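**Q** Swiss-Prot feature annotations, pasted as is:
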- R24, G65, K68, T69, T70, E131, D132, F133, R174, Y184, R221: ATP binding site (BINDING)
- T69: Mg(2+) binding site (BINDING)
- R294, R313, R318: DNA binding site (BINDING)
- 4-184: region 'Large ATPase domain (RuvB-L)' (REGION)
- 185-255: region 'Small ATPAse domain (RuvB-S)' (REGION)
- 258-340: region 'Head domain (RuvB-H)' (REGION)
Amino acid sequence: MIETDRIVGGQSLEEDMYVQPTVRPQIITDYIGQQAVREQLQLSINAAKMRQEHLDHVLLYGPPGLGKTTLSNIIAQEMGVTLRQTSGPVIEKPGDLAAILTRLEPHDVLFVDEIHRLSPIVEEVLYPAMEDFQIDIIIGEGPAAQSVKIDIPPFTLVGATTRAGLLTSPLRDRFGIVQRLEFYSIEELAQIVTRSANILGLSAEPDGALEIARRSRGTPRIANRLLRRVRDYAQVKGNGVITAEIADLALNLLEVDPLGLDKMDRRLLELLIQKFESRPVGIDSISAALGEERGTIEDVIEPFLVQQGFLIRTPRGRVVTQTAYRHLGLTMPERNLEDE
């Protein structure tokens, strides 16, 4: 998938795994942005600690790169317990889940990324574990098989997903705390860039941090990734200081424009304008013309374009807006202006 090649993609890249933990906040007061989510979690954590109970199960959903994994770490740190991490695709059989659950200590946090990808048979084991802190294990085979209930310690399940609509209702209803993570403001991202630069021992001027923030598509993971690229440019082409000019030159070299669009975003918009003459276009036609999978276009490329007002999803297909024409320096045909 193209997401693995995009510096402005929200999904985690291999390079992020080595650097991201060093800049990740460990306590909730260091976490920038998502004020409503922070306040709700802080309140729930404090209440659970006062009662000396486990925290209620937490579901975090929203676009990739907004801090779901970071929040799971913070929850465990604030509760003073161990964090166990896994993901939906890894838990293939009920036995895999049972092995994880039986190793938990009281009040531990179990973080399941991509929880929407759990299989139905695994979910069936998870339901009693979440509600009653028990799991049913089948011992034996055939007529001799019997179900045995095993008690497990009270724990907190933190589920993360970018596709909340794919969660089954029974699973979603078992989460006591459900929070959506929103895209970050430019000001919040500038704070994150400045904080990360300080941790990494970099010198970043406020205008330099702001320039990186503007092109980060509202996503901290992208902001930190762009910061590392600008750092390289500043050290090789400049004096090591990240200024607005250095950030602009570095990001232009990476083909990330002032609004955070990359060449794949522009390619999609130009395709709709030039090849399809701005008419409504179905997703399958776009997929064939771009040579990309439908899911990649829907989940990776389109969301940011829709959020920024460059693209509209209609029952008849995808339509490019006047905003997209202006951004690309093109004049919108009169018939399209009338349609808008």
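For all residues, glycine too, the Cβ spot is worked out from N, Cα and C.
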**Q** List only the single closest residue to R318 (DNA binding site), chosen from the binding-site residues R24, K68, T69, D132, R174 by CA-CA distance.
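**A** Going through R24, K68, T69, D132, R174 one by one, the Cα closest to that of R318 (DNA binding site) is K68.
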**Q** Taking the centroid of the Cβ atoms of R294, R313, R318 (DNA site), which other same-chain residues have Cβ within 8 Å of it?
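**A** So the extra residues in range turn out to be V281, G282, I283, I286, I297, E298, E302, G317.
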**Q** Just going by other Cβ atoms within 10 Å, which of the binding-site residues K68, R221, R313, R318 has the emptiest spot?
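**A** Candidates: the binding-site residues K68, R221, R313, R318. Fewest Cβ atoms within 10 Å: R313.
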**Q** Could you list the residues of the same chain, at least six apart in sequence, whose Cβ is under 8 A from the Cβ of T70 (ATP binding site)?
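**A** Non-local contacts for T70 (ATP binding site): R24, P25, Y31.
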**Q** In angstrom units, rounded to an integer, how far apart are the Cα atoms of R294 (DNA binding site) and T69 (Mg(2+) binding site)?
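**A** With the alpha carbons as reference points, the distance is 27 Å.
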**Q** To which of the binding-site residues R24, R174, R294 does the lowest count of other Cβ atoms within 10 Å belong?
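**A** Least crowded of the binding-site residues R24, R174, R294, by Cβ count within 10 Å, is R294.
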**Q** With every protein chain in view, what's the tally of Cβ atoms within 10 Å of the Cβ of D132 (ATP binding site), excluding that atom itself?
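**A** Neighbour count, Cβ to Cβ under the 10 Å cut-off: 11.
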**Q** From the binding-site residues D132, R174, R221, R313, pick the residue whose C-alpha lies nearest to the C-alpha of the residue listed as 'Mg(2+) binding site'.
**A** R221
**Q** In DSSP terms, helix, strand or coil for K68 (ATP binding site)?
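**A** In three-state terms, K68 (ATP binding site) counts as helix.
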**Q** What count of other C-beta atoms do you get within 10 angstroms of the C-beta of T69 (Mg(2+) binding site), across all chains shown?
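**A** Other Cβ atoms within 10 Å of T69 (Mg(2+) binding site): 22.
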**Q** How far is it from K68 (ATP binding site) to R313 (DNA binding site), counting Cα to Cα, in Å?
**A** 27
**Q** Return the average pLDDT for the region 'Head domain (RuvB-H)' (258-340) as a whole number.
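**A** Across the region 'Head domain (RuvB-H)' (258-340), the average pLDDT comes out at 87.
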**Q** Whole number in angstrom, please: the longest C-alpha to C-alpha distance across R294, R313, R318 for DNA.
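**A** Spelled out: the longest distance between any two Cα atoms in R294, R313, R318 is 14 Å.
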**Q** Just the number: how many Å between the Cα atoms of R221 (ATP binding site) and R313 (DNA binding site)?
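**A** Between the Cα atoms of R221 (ATP binding site) and R313 (DNA binding site), the distance comes to 26 Å.
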**Q** Please work out the helix, strand and coil residue numbers for the region 'Head domain (RuvB-H)' (258-340) from the DSSP assignment.
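**A** Tallying H, G and I as helix, E and B as strand, the rest coil: 47 helix, 9 strand, 27 coil.
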